[in-house]
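According to Swiss-Prot:
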- 1-31: topological domain 'Mitochondrial intermembrane' (TOPO_DOM)
- 32-52: transmembrane segment (TRANSMEM)
- 53-491: topological domain 'Cytoplasmic' (TOPO_DOM)
- 64-482: domain 'USP' (DOMAIN)
- Cys73: active site, nucleophile (ACT_SITE)
- 346-365: region 'Disordered' (REGION)
- 346-355: compositional bias 'Polar residues' (COMPBIAS)
- His432: active site, proton acceptor (ACT_SITE)
Amino acid sequence: MPWCKQGTTDKLVREFLRTGAAARNKMMKNWGVIGGIAAAMAAGVYVLWGPISDRRKKRKGMVPGLLNLGNTCFMNSLLQGLAACPSFIRWLEDFTSQNSADRERTERETQLSRSLMQLLKALSSHDPGEDDVLDAGGLLEALRLYRWHISSFEEQDAHELFHVLTSSLEEEQERQPRVAHLFDMQTLEKSVESKEKNISCRSGGPLHPIPSLWRTRHPFHGRLTSYMACKRCEQQSPVHYDSFDSLSLSIPSIQWGRPVTLDQCLQHFISSETIKEVECENCTKQQAGELVNGEVLESQRTTFVKQLKLGKRLTWSKEGSPIKRQEHVQFTEYLSLDRYKHCSAAQSQQKTSRTNKAKASADPKDKAIANGVDSEHCNNNKPQSNGTFPSVFLHSPGLSSQLNLTYDYSTSEYLFRLTAVLVHHGDMHSGHFITYRRCPAAPRGTSPFSSQWLWVSDDSVRKASLQEVLSSSAYLLFYERMQRPGLRVEE
């Protein structure tokens, strides 16, 4: 930019003032015309290309990215993973529609579910006219209403955010409904009709019926069963149920040089533990008053539940500092959870009779194997997740299987398919989250799953292959239950 001396500037101003009024008006009109032309050109550019910013249109066959608001890659990656779960989006739609029907609920009380649904719907849409980059700032504002604050430029964890979202949605769902007025006959009649449908009479049964609350929870909600058994008399305690939203799997100790699989992590999770110095009531009754060498016989029990261990690739050094584990764990696109399904005594007898009939008419060598194990048996000796939820969320490190094996899942009742993988690059103190997820399925397609995979890192999106997905070092795995029986696939 040229600079003028102070004397030169003053001289130009004096000459402009000495000119006549007509000359000055003409110059002002010329300047006005130039300014009007520039404004018209700017308006045309705005109409044709929109505002001058980073706003872009979504490419065909892609999904929108998410703007990083300052170390919010953990939130962006989790939202992309949730957007790849069709059953969760359907549940969220029903949940928000029920909230909108309740006139007593304010927008502030339902802000979290509405903000989350709008984001997930946009991230799973096929409309090519939508924005290429979205802003999840509204979800952060909704989370602050639930006493969860994210400081700027502070590292966070995607797994912790997942539990914050699920617990906040449950808190929003479990709020007490309004009390109907005595003269509100329409509401009272509806409540009576709904109660009559749930009324049933049972003369007896091994377990009490499960409350309907289990069926209304979000799709990630599941149950773990456990019980204790004495090693001496084999007396078993009643089955105990624990709820979960995700399974945090630890890496078992494997012989060096051998790969670690997701099935091994699951088996390690449910492996039995021996608890000593616990008195067995049944043995106490049988051995009442009996002494051996002047001492009461010590009875022992064993529990068949493995408590939740530290997952998240976390271990501790000799100095006591946390270290991220780098082992690769193989995971597959399809996962059969039949062997992890808890069966009651009656179900086990029916399953055994059907299995015996199948063995009598088939060669044992031709038995189908899923996940490397016999998938048609229910294991009733250990507590398992019941598999009755449409989506399961497995928290585990992982790497894919490089073996070209053919698995027959035609007999699998609880078959799940991989929908998203979250990967963490970095160490325990800093890093970056990215997501591998399936592209949204076609609206008129027969399958809810698309075969096209995408790599998403905040606002960057590109296509990826299944081999790249299965070769990644996973931090979070999302599996969706399949509803089509008789499926035979190749890994």
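Cβ from N, Cα, C; glycine included.
Comparing local CB density within 10 A for the active-site residues Cys73, His432, the maximum falls on Cys73.
Averaged over the topological domain 'Cytoplasmic' (53-491), the predicted model has a pLDDT of 69.
A straight line from the CA of the residue listed as 'active site, nucleophile' to the CA of His432 (active site, proton acceptor) spans 7 Å. Reduced to three states, the DSSP call for the residue listed as 'active site, proton acceptor' is strand.
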